[in-house]
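I have placed the structure first, in the form of structure tokens, so that the comments after it can refer back to it.
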Amino acid sequence: MSPEEWTYLVVLLISIPIGFLFKKAGPGLKRWGAAAVGLGLTLFTCGPHTLHSLITILGTWALIQAQPCSCHALALAWTFSYLLFFRALSLLGLPTPTPFTNAVQLLLTLKLVSLASEVQDLHLAQRKEMATGFSKGPTLGLLPDVPSLMETVSYSYCYVGIMTGPFFRYRTYLDWLEQPFPGAVPSLRPLLRRAWPAPLFGLLFLLSSHLFPLEAVREDAFYARPLPARLFYMIPVFFAFRMRFYVAWIAAECGCIAAGFGAYPVAAKARAGGGPTLQCPPPSSPEKAASLEYDYETIRNIDCYGTDFCVRVRDGMRYWNMTVQWWLAQYIYKSAPARSYVLRSAWTMLLSAYWHGLHPGYYLSFLTIPLCLAAEGRLESALRGRLSPGGQKAWDWVHWFLKMRAYDYMCMGFVLLSMADTLRYWASIYFCIHFLALAALGLGLALGGGSPGRRKAASQPTNLAPEKLREE
């Protein structure tokens, strides 16, 4: 593990006991205490580069105040433009930010764009109410008022997920501050239930990254190996990649669970990133609060079972970095300048690659996803429904195997980063996934397969492993 990885791990682990300290605190101590811890961590790891996050916050707040009815698009343009400046600092002869500064900036971008959208929704709801003269009462997910500058700062620097996620909306943050009877919200048992696989995943990461180091792919000697060895190597590289993020995101979720952050009654049917989808009246007494069943789906960032055992490329994206996937779907996919599912996905993947960074490997990997989506969608709609139940089961196993190989293949661009290294590796295995996806797309079109976004529910494959293998 690199020094940066050790620092991330320490930050994640100390957030767990800190969470237990804040869980039963009042709204004021939660707000300013959590912000003080987050700002302290930012100053410690980023130093003077903390100024970048402060500039981004002030710029977004100014846009919200100036144009509340259109601040979402303005905040998106502002924060994404600042990301370009932020990443071009070395080219401008300015000090290069630390990796921790980049992590803070990434999560802050998501939070501020979401905040601007929430304020815009509030402003439009108020205008509609004034025009009709009719008040509908509290609306699910709507803010009570526009946050002040200091409230925006406290949300931005809240220590929860400040470097690794999960992403959360301002409404989720506000619900945590105003949580009724927080002592009745379970933390320890859900935390232990969520944390138990993390040590195993950590050991598997250390073992696989030691036996199959990524640096080997950058050496000339690697390309003297036989083709089967080169093909195989991307499998343990992606395995180590998954194990690393499983540990990080499980630890991040545990930090939230310790603080009771993102806890909602099960009846609210909360979604990762978005929060409750059904209105649930708050409990009126500690006894009623204790009688409720809670979950932490709002801050759930990874479904390890779903990632490993889902059948399709499309579903694999939904189970990975789930709160960020919600953000992309809500704020990028829905406003994409196209109606086709594949073109909307391509637009979303392009902006996702930009959000991650400027390395060409990101773009090569992310922009391969729409091709895989189109290929699996067309071929599945053309053939799977015509098969017997046994044939569909066999189809799903083959589909799952190819899905995993596609992600292995795309992961190489994500970790190699440079165009030369990525293309060199892909060329050494003859761009097999690209050609396979093109062949599948062509066959699906020839057989009259429909658009990926219009497949019938009856033809949808399921996860391959039995439900009892889930972590929870």
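Heads up, the Cβ atoms here are built off N, Cα and C, so glycines get one too.
TrEMBL does not curate its annotations; it predicts them automatically.
Taken from TrEMBL, the feature transmembrane segment covers 6-22 (among others). Counting only same-chain residues 6+ beyond the ends of the transmembrane segment (6-22), those with a CB under 8 A from a CB of the stretch are 29-30, 33-34, 37, 41, 45, 100, 103, 159-160, 163-164, 187, 191, 247-248, 251-252, 254-261.
Among the features that TrEMBL reports, transmembrane segment is placed at 34-64 (among others).
Taking Cβ pairs closer than 8 Å, the transmembrane segment (76-94) reaches residues 52, 55-56, 59-60, 63, 102, 105, 108-109, 112-113, 116, 331, 351, 354-355, 357-358 in its own chain, all 6 or more past its ends. According to TrEMBL, the transmembrane segment annotation covers 76-94 (among others).
Here the transmembrane segment (425-447) has Cβ contacts under 8 Å with residues 217, 223, 227, 230-231, 234, 368, 371-372, 374-383, 402, 405-406, 409-410, 412-413, 416 of the same chain, all six or more residues outside its ends. Look at TrEMBL and you will find 425-447 (among others) tagged as transmembrane segment.
Sequence annotations record features per position, and here TrEMBL assigns region 'Disordered' to 453-472.
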